[in-house]
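Trainee: One structure, as structure tokens, below. Some questions next.
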Amino acid sequence: GCGQLACSLHSGPAPEDPGCCEWLRCCGGGEPRPRTVWLGHPEKRDQRYPRNVINNQKYNFFTFLPGVLFNQFKYFFNLYFLLLACSQFVPEMRLGALYTYWVPLGFVLAVTVIREAVEEIRCYVRDREVNCQVYSRLTARGQPPSSAVTVFLFITQNQRVPADMIFLRTSEKNGSCFLRTDQLDGETDWKLRLPVACTQRLPTAADLLQIRSYVYAEEPNIDIHNFVGTFTREDSDPSISESLSIENTLWAGTVIASGTVVGVVLYTGRELRSVMNTSNPRSKIGLFDLEVNCLTKILFGALVVVSLVMVALQHFAGRWYLQIIRFLLLFSNIIPISLRVNLDMGKIVYSWVIRRDSKIPGTVVRSSTIPEQLGRISYLLTDKTGTLTQNEMVFKRLHLGTVAYGLDSMDEVQSHIFSIYTQQSQDPPAQKGPTLTTKVRRTMSSRVHEAVKAIALCHNVTPVYESNGVTDQAEAEKQYEDSCRVYQASSPDEVALVQWTESVGLTLVGRDQSSMQLRTPGDQILNFTILQIFPFTYESKRMGVIVRDESTGEITFYMKGADVVMAGIVQYNDWLEEECGNMAREGLRVLVVAKKSLAEEQYQDFEARYVQAKLSVHDRSLKVATVIESLEMEMELLCLTGVEDQLQADVRPTLETLRNHSRPRSRVWMLTGDKLETATCTAKNAHLVTRNQDIHVFRLVTNRSEAHLELNAFRRKHDCALVISGDSLEVGAGTPPERTGKLTCAVGDGGNDVSMIQESDCGVGVEGKVSEGAGGLLAAQRSVRGCQVVVLGWEVLSNHRAVFSSVFYFASVPLYQGFLIIGYSTIYTMFPVFSLVLDKDVKSEVAMLYPELYKDLLKGRPLSYKTFLIWVLISIYQGSTIMYGALLLFESEFVHIVAISFTSLILTELLMVALTIQTWHWLMTVAELLSLACYIASLVFLHEFIDVYFIATLSFLWKVSVITLVSCLPLYVLKYLRRRFSPPSYSKLTS
């Protein structure tokens, strides 16, 4: 059962909001609207889910061939050959057999179609593996595939969530579960999720089928960090309503990290958060292909000019317009179709070489159309977290304002904690309690204790006890076995903080939805009731928790967050801003920790207002934030914490190379959500910026004029790194953004980087490592050389024809016909040209060691207009030499001209390939000899075009030798003189 079904969903308008909650039909359009999902209402089945399939393919069965052909013929290069081939159906325009035009074009299209088909099939197989994963459903109908999900689904540990769902039940004893969201938001941290309270209390999962309830949800949107909805159970007295937030959701693409969950499907198909956040994949065309396309237009212009000149020399006699077309067709080989074949085959080889690179094992080339792009990158944009860093945090600093504790002084913190609980254990029973706030003047030990306790309580970390094969899991959890405990959390920062409190004596040993347990150095268990949790959001940049100490009944509101928001929440102080800046400059992520004691009446009033705000459907976030902010006033500042993200092992040497690479023309951008100071320190630690390099911090600007002034100030500095905030970058870039014409490469490791990777000219998805680009550099060089040789060969042939036509009274008659032209574009010359993929200026290790070698490629010198003009002049010289030489040396029969000139043409092409090669490979020699052997062997079958007896004579051999020598020897001499007196930069490294 892997059929892709559109399954019905019980849905309809909500009672309190009729008419506004319709589903988008599978094939319908319209704007997304809020909707209601009915549970236990079999009479409401009138609407359907969109098909729940993942589709990363560019085409489908019906659009594949039209789409591929359109992408080929929308560029002038391929459209030219299509029009050329079609013209041969007109008798007045036909210059030869149809197969001489359609066979090469068909071969080119076949190679392209096969390559695209292979990539589409691979993509289809990957999608099908995901779409055909089987899930258990809470019905008697069996197990549907993920492309046919219905209402209730069971999802087990390590299984992917197939649709956007509301979390109803879990098998975990603590009443919660964790998700892995790295393929959704790029974060490797686990996210805590909570089920709907009234469904979690049901005796069994089967009871979900017996209750009458509904879920009211907001319209589908792209926000993966927020959700607004309500769950209402109608068959209870009175009816129960609970607010739903992001904590109650299971988004598609996430993976269940703990336990088994039951959820109800809310959004599918195109309405999934992950789908709405991903742009459609575009067909990327390399800069080299665009340059070739541009040169093709220039060659076509030259072709038109030559054709007009030929007709003008005939004084526009007769049907001159038809003669123009015939000359256009006669000289059409000036734009070689074999160039397309060689370039496409070369791309396949380059992709294969990159996959086989031993320095980047496991590399998969997703697009074989742009491998040479890697050698021409001007801007590299890299994600930081998880790409340059490991996303593994280490606690480094505790700052109390008057004193700070680093890694070398954590034993002092441990001593303070130990002294507090030792003192409490010696107090009379009436004096016992974990706080000393009643004292007018607190000791340093009490200050440290308050800070550590706040850190140990203010988080979303859950300790999980796993069986180690010896200790029973249930028994381990009961006894809080340290060896079996692991911490699960939505952020590595949270885990690092809780692990640190454990190291200094206050250990988190238990947690569920409503309580937490801490263990003191004396093995005393402290119990706290969780009254409210305010999760971290990207908008609020803080999180909080309200707990009640079971031993004293005291209610405390703890909060931690970024200094930019906490500075306006805590009581006035004169050290917060300065110390946050100091810690950020050390590369630490800084959190501000504060607390506030609440009276019972104060909390009850807050709870009533908070519950009412959470049940609100419209403007819920604003109403909830307003209620919480009523508590966030004059909080007591306890401490600052600093954690550091560890760099990937191979980042420093790689970024040193990239930094050196940036000196010619490249730029490396690191993207991060950290503070400017933290980002700067991370860049220095990663060697993206040298320790003594000047750094320009782009000030916050509000308009383009301010941005230009700031940019000019930066430009006046030499060898300076730039640090800029996202707001200033948006203002400076402008709307619409300015175009530089430079190539970009985006590097990322998570689902949140997909759009950046797709939008860039060349995207690299990595698993925590930065890939190397030597293969791309060499690929770009080889593609240029192959292009030059192919264009030269066909321009020689076209000049050849022009000379022949001018000598024979400007007749539009082809010199070579039939198989001679097909052979010239395939077996006679293709192997040596294709062997250029093996050529190297320098070894890949040298290319990585000397980034200056990239300079010529970045400037486009190998395929510049100057270089192109030089090759055109060479072709004019060689074409004229071969044709005039053949006319001068032939004896009596026309067929001898064909034999002499065509053989000289083949030998010249083979010698020009040899002239281009920098480093010989044995396969290059084989290719040269194989092509020559194919030509000699085919002469036996070409008696229609070539006099076989004549080519066996000594006269033929010396005439061909002389013409070929005159055609090629001057170029070999010029190459020697150039390397002798003006050697290229790479030759200094190979000598």
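Each Cβ is built from the backbone N, Cα and C atoms, and glycine gets one as well.
Just so you know, TrEMBL annotations never went through curation; they're auto-generated.
Reproduced below are the annotations present in TrEMBL:
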type	residues	note
DOMAIN	42-102	domain 'P-type ATPase N-terminal'
TRANSMEM	97-118	transmembrane segment
TRANSMEM	290-313	transmembrane segment
BINDING	ASP383, THR385, ASP749, ASP753	Mg(2+) binding site
ACT_SITE	ASP383	active site, 4-aspartylphosphate intermediate
DOMAIN	802-983	domain 'P-type ATPase C-terminal'
TRANSMEM	815-838	transmembrane segment
TRANSMEM	868-888	transmembrane segment
TRANSMEM	894-915	transmembrane segment
TRANSMEM	922-942	transmembrane segment
TRANSMEM	948-974	transmembrane segment
Trainee: Can you work out which residues elsewhere in the same chain, 6+ from the ends of the transmembrane segment (97-118), have a Cβ less than 8 Å from its Cβ atoms?
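Mentor: Same-chain contacts beyond the ends: 59, 64-65, 68-69, 72, 78, 81-82, 84-85, 88-89, 337-338, 340-341, 344-345, 348, 368, 817-818, 821-822, 825-826.
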Trainee: Can you say which of 290-313, 815-838, 894-915, 922-942, 948-974 has the most Cβ pairs under 8 Å with the transmembrane segment (868-888)?
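Mentor: The stretch I would name here is 948-974.
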Trainee: Given the transmembrane segment (815-838), which of the listed stretches 290-313, 922-942, 948-974 has the most Cβ pairs that are under 8 Å apart from it?
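Mentor: By Cβ pairs under 8 Å, 922-942 leads among 290-313, 922-942, 948-974.
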Trainee: In the same chain, who gets a Cβ under 8 Å from the transmembrane segment (948-974) while lying at least 6 residues past its ends?
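Mentor: The answer is 874, 877-878, 881-882, 885-886, 889, 891, 893, 895-896, 899-901, 903-904, 907-908, 911-912, 915, 939-940, 942.
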Trainee: Which residue counts does DSSP give the domain 'P-type ATPase N-terminal' (42-102) for helix, strand and coil?
Mentor: 29 helix, 2 strand, 30 coil
Trainee: Validating a neighbour-count step here. Other CB atoms within 10 A of the CB of ASP383 (Mg(2+) binding site): how many?
Mentor: 22
Trainee: If you average per-residue pLDDT over the domain 'P-type ATPase N-terminal' (42-102), what number do you get?
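Mentor: A mean pLDDT of 79 is what the model gives the domain 'P-type ATPase N-terminal' (42-102).
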